[in-house]
Every structure is written in C-alpha cells, then in structure tokens.
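As recorded in TrEMBL:
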| type | residues | note |
| --- | --- | --- |
| COMPBIAS | 32-46 | compositional bias 'Basic and acidic residues' |
| COMPBIAS | 47-58 | compositional bias 'Acidic residues' |
| REGION | 23-88 | region 'Disordered' |
| TRANSMEM | 136-158 | transmembrane segment |
| TRANSMEM | 178-197 | transmembrane segment |
| TRANSMEM | 204-226 | transmembrane segment |
| TRANSMEM | 232-252 | transmembrane segment |
| TRANSMEM | 264-283 | transmembrane segment |
| TRANSMEM | 295-315 | transmembrane segment |
| TRANSMEM | 335-358 | transmembrane segment |
| TRANSMEM | 405-426 | transmembrane segment |
| TRANSMEM | 432-455 | transmembrane segment |
| TRANSMEM | 467-491 | transmembrane segment |
| TRANSMEM | 503-524 | transmembrane segment |
Amino acid sequence: MFTVRIDTSQIRNTYTRPFEVEIPRNTFTRPSELEPDIHRDRRPSPFEDDLDDLDDDSSPQQFEILDESEPTLADMSPTPPPQVVEPVQRTPDAADVENEKTQNDIGVPGTPTQNGNGGMVEAEAEAEDEVPDGGYGWVIVVCLMAANAVTWGVNTTYGVYTAYYLQNNYFHGGSTLGYAWVGGLSVATCLLCGPAANYMTGKIGFRATMMLGVVGIVLGQCMAGICHSFGSFLFCQGILFGAGLGFTLVPSQPLLAHWFKKRLALATGIATSGSGLGGLILSNTTRLIIDRLSVKWALVINGLISLAFLVPAVFLLKGRHKAVGARQAPLELKWLWHGGFLWIWLWGAFTIMAYFIALYSLASFATHALNLPQSQGAALQSILSAGQMIGRPMWGYFLDTGGRLNLTIICYILCGISTLAIWLPAESFGVLVFYALVQGMTGGTIWSTAAPVTAKVVGVKDLASALSIFWISLVIPSLVGQPIAIALLEYSTNHLGRTGAEAYYISIGFCGGLALFAAGLLYGSKWWLQGSGKVFVKT
C-alpha cells in the first residue's frame with residue numbers, strides 16, 4: 001500500500017484543495033489499459049484532457065508519494081476496491097485564500113463548485129440561473145425595437161420608392177429587374193458584413209461598431225436622395241445603406257441572449273416586431289412626403305429619422321459578454337458542417353428567398369395581375385407589416401412554451417400552405433388582405449427566430465460565432481430570390497403566353513414550395529438535438 005497526495009491546483013475543472021487517497025499497488029490502473037469495450041459508445045469525459053496533461057513528463061509533478069513500503073504477500077493478493085480517505089482538515093494558507101478569491105471574482109463559466117452534498121455543480125448552470133430574464137433586459141428590448149423600426153422598417157419602404165422610380169422613369173437605365181437587384185443587394189451587403197462586424201466588435205466593442213453602422217444608414221439614404229444616375233443610386237442604396245444595416249444588425253443580435261433565457265424567443269419577437277411597426281408607419285409617411293415634397297426629401301427625412309432613433313438606442317444598449325463567456329470569433333467555418341447547425345443555415349437560405357419573393361411581389365400581383373389601384377397595393381404592404389408586428393411576438397411566446405424548433409417548423413408549414421392555398425387562387429382584394437396578414441405573421445419570423453433557435457443548438461457562448469456564418473449563408477439567397485421570381489414571371493409571360501394572375505402562378509408556387517422545403521430541413525436539426533425522430537418531443 002502507498003499513499004498518494006494529489007495537488008489539484010493545476011488541474012482544470014476540479015477542486016482546489018489537496019487530498020489524500022490510499023491505493024493498493026496492484027490496483028492502480030490507467031484508463032487506457034481497461035477493456036476496449038468498456039469505453040465503447042461512451043461520451044468523452046471533460047476531464048480526459050487533464051489526465052493527459054498529468055502523463056506529460058514536461059508538466060509539473062501532480063502526484064507526490066508520501067509513504068511507500070515494500071509489498072507483502074497480503075498486498076499481492078486480490079484486494080477490495082480502494083477506499084477514499086476523508087480530505088485532510090487543515091487551516092487554509094494565504095495561497096489557498098487568494099486562489100479561492102480569484103476564482104470567485106472571475107466566475108468563469110464551466111468552473112465547478114461544491115454543493116452541500118459534496119457533489120460537483122457546473123458553473124454554467126449557475127450562469128444560466130443568473131440570467132436576469134428581465135430587468136434591464138426589457139430596456140434592451142425597447143432599444144432594439146426602435147432600432148429595427150428605423151432600419152428594417154425603412155428598408156421595407158423601398159417598394160414605395162421603386163414604384164415611383166418606375167412610374168416616372170426617374171433614373172436613366174433603371175428597370176424592374178435592376179431595381180430588384182438594388183433591393184436584394186442592400187440585404188446581401190448587410191448579411192455579408194457579418195464577419196467584419198464580429199471582428200470589429202471584438203476589437204472596439206459592439207457600441208462603436210453599431211455607430212459605424214448608423215453612419216452608413218444615414219449617409220446611404222441621404223446620398224441616395226441626391227443621386228442623378230442609376231450607378232450612384234445602386235452604390236448608395238444598395239452597398240452603403242446595406243453595410244450600415246450589417247454593422248447595426250450583427251453586433252446587436254446576440255445581446256438579448258445575455259439577458260433572457262426562458263423568455264428569449266418572446267423578447268426577440270418583441271424586439272424584431274419593430275421592423276413591422278416601422279414599415280407600417282414609414283411606408284405611409286414616405287408616400288405622403290413624396291406626394292407633398294419630393295422623393296429626394298423623402299430619403300433625406302427618413303435618414304434623419306433613423307439618426308434620431310438610432311443614436312440614443314445604441315448608447316442605452318448593454319451586453320453581458322463576460323458573464324456568459326461570449327466569444328466574438330469573426331469567421332469559423334466549422335459551423336457549416338456542424339451536425340445541428342447545418343440544418344439551421346440551410347433552413348435560413350431557403351426561407352429568406354420565400355420571404356423576399358412574397359414581400360416584393362404581393363403588391364405587384366395586386367396591381368398588375370388583378371388590376372387593383374396603387375392605393376390598395378400600398379395597403380397590402382402596410383397590412384403585411386402589421387402582420388409582422390403581431391406575429392413575431394406571438395411566435396416568440398409560442399417558441400418559449402412549445403419548443404423553439406417545433407414551433408418554427410409549424411410556422412413555416414403554415415407559411416407555405418397559406419401561400420399555395422390562399423395567394424395562388426386569389427382573385428380579390430379581400431383574399432389578398434387575409435393572405436398579407438398571414439404572410440406577415442409567418443413569413444418574416446426568420447428574423448426573430450434565428451437567434452433563439454441557434455442558441456438552442458450551439459449555446460449562448462458560441463451564438464455570435466454561429467450567427468456570423470448564418471448571415472453569410474443568406475447572402476446569395478437574399479440576392480437572387482426576387483430576381484428569380486421576376487425571371488419566372490417573364491418566362492411565364494413570354495414563353496408560355498400567360499397573362500394576368502396566371503402569369504404569377506409559377507412564382508407563387510415556387511415561393512410556397514421554398515417555405516415547405518425549409519420547414520422540412522429544420523426537422524433535421526430537431527432530430528440531431530433530441531437524438532431521435534420523434535415528432536411530439538419539446539425541442
């Protein structure tokens with residue numbers, strides 16, 4: 001028999017107090033010497049790296065033999081399992097006190113603590129318990145709601161500008177397809193800025209990064225108002241304004257996960273409903289300004305409104321990056337083939353195409369296919385925005401109560417079915433009103449569900465890193481979604497000879513099919529997370 005004194009101060013994720021155990025010489029066995037089948041299909045232990053460190057000759061000596069005697073005949077015989085001796089009670093010295101104080105001050109997630117029963121409790125669970133789930137988090141919700149109203153809400157007014165440009169041939173060389181590319185380019189540029197915004201956040205902080213975005217949003221709109229060529233307009237409205245959106249959106253997305261856990265989806269839904277509120281108000285005020293003043297002043301005034309709301313909102317935002325152990329990795333390609341996240345970014349890629357096709361084609365379908373007046377087309381755009389304002393908080397509540405993945409899948413099944421069953425056969429304004437409300441409540445929920453669903457799969461710590469890849473995966477789909485719909489419309493008109501509502505059938509069917517296919521893809525993430533294909537499991 002020999003006594004081993006184990007100094008655990010240099011071992012990660014364990015006690016900091018030394019303790020002693022008595023171990024028979026012939027029972028001290030390494031894990032690698034055990035039977036292979038014992039370890040088959042087991043989960044890797046978080047402490048295996050620490051054991052490997054102990055075997056390294058270059059590492060500090062962790063085991064100190066206090067007492068060793070020559071083995072006797074009794075020692076060489078089969079012995080019962082080793083007995084653990086109670087930890088030696090001793091008065092803590094200054095080093096122990098300082099070590100314990102340092103760990104308490106740092107509060108690193110994943111550092112275990114000892115409970116009343118002597119068990120090990122992960123500090124990650126403690127961090128989750130410390131998430132306020134409210135408090136100042138509601139101030140963050142209001143700030144992000146205001147920011148969404150004057151960023152994405154302003155972006156929804158682009159359809160109003162496009163109608164004016166086409167009607168008055170405002171820019172030489174502008175066409176329906178060209179203006180569709182500008183609208184898609186602004187969103188694509190926004191999403192493409194994800195890694196750069198993540199990198200800047202890690203260097204100068206999220207608040208300074210968002211202020212750079214505010215500059216881009218304001219200058220993009222104001223300079224678009226004084227452009228005299230389609231090329232300069234494309235740069236200001238498509239690239240400069242889009243970059244401003246990206247540097248404002250990406251740093252703010254993970255913040256709510258710092259303040260909410262059980263009500264994260266609800267808080268995100270309320271915050272993102274600001275885009276619907278902004279679109280509902282600004283789409284009507286923009287049309288009034290264009291009629292009363294000019295399109296130039298409409299862009300300038302909207303830019304100044306964005307400035308007035310964004311500056312105080314950005315300065316009131318707060319994050320808890322250290323408390324949750326958040327990382328700001330700008331570009332980690334490993335998420336592209338992550339077993340659970342793979343299905344999320346594929347779901348987003350197909351969902352975003354369906355979203356933009358419906359968003360930009362509904363009013364055009366009303367005015368060109370059904371010959372409804374422009375006022376009713378604009379009304380449909382407002383109703384769609386109102387649906388977003390109602391649906392995003394509603395689905396946020398459902399996601400928190402019924403499972404984030406479950407309800408997101410149901411949401412997009414409803415989105416696809418409503419597109420095929422309501423929009424496709426629609427022949428009146430009343431039917432389109434009903435569809436606009438349903439589409440607003442379901443189609444745009446990707447913006448409110450992306451962060452909660454991603455946090456469910458990868459965790460809060462890696463949320464910013466995974467979302468950076470998520471936004472990049474949406475770049476090409478958001479850029480080509482509406483042009484594909486227009487190309488299908490032109491094919492149906494020029495090659496198939498269809499007119500009126502029938503000319504839109506292929507585009508509408510394509511939109512509904514994308515939503516249904518995306519819902520099916522997200523089921524793969526649910527399967528990965530729960531480890532089975534059971535449908536009625538809260539995930």
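First residue shown is number 1, and so on along the chain.
In case you wondered, yes, glycine gets a Cβ from its N, Cα and C as well.
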Which range out of 136-158, 232-252, 432-455, 467-491 gives the transmembrane segment (264-283) the most CB pairs under 8 Å? 136-158
When counting Cβ pairs under 8 Å to the transmembrane segment (204-226), the leader among 295-315, 335-358, 405-426, 467-491, 503-524: 295-315
When you look at the transmembrane segment (232-252) alongside the transmembrane segment (432-455), do they share 3+ Cβ pairs under 8 Å, ignoring any pair fewer than 6 residues apart in sequence? no
Report the listed stretch (136-158, 295-315, 503-524) having the maximum count of Cβ pairs within less than 8 Å of the transmembrane segment (335-358). 503-524
Could you check whether the transmembrane segment (503-524) and the transmembrane segment (232-252) come into contact, where contact means at least 3 Cβ pairs under 8 Å with the two residues of each pair 6 or more apart in sequence? no
Considering only Cβ pairs within less than 8 angstroms, which of the stretches 136-158, 232-252, 405-426, 467-491 has the most against the transmembrane segment (295-315)? 136-158
Seg_contact(the transmembrane segment (467-491), the transmembrane segment (136-158)) with at least 3 CB pairs under 8 angstroms, min sep 6: no
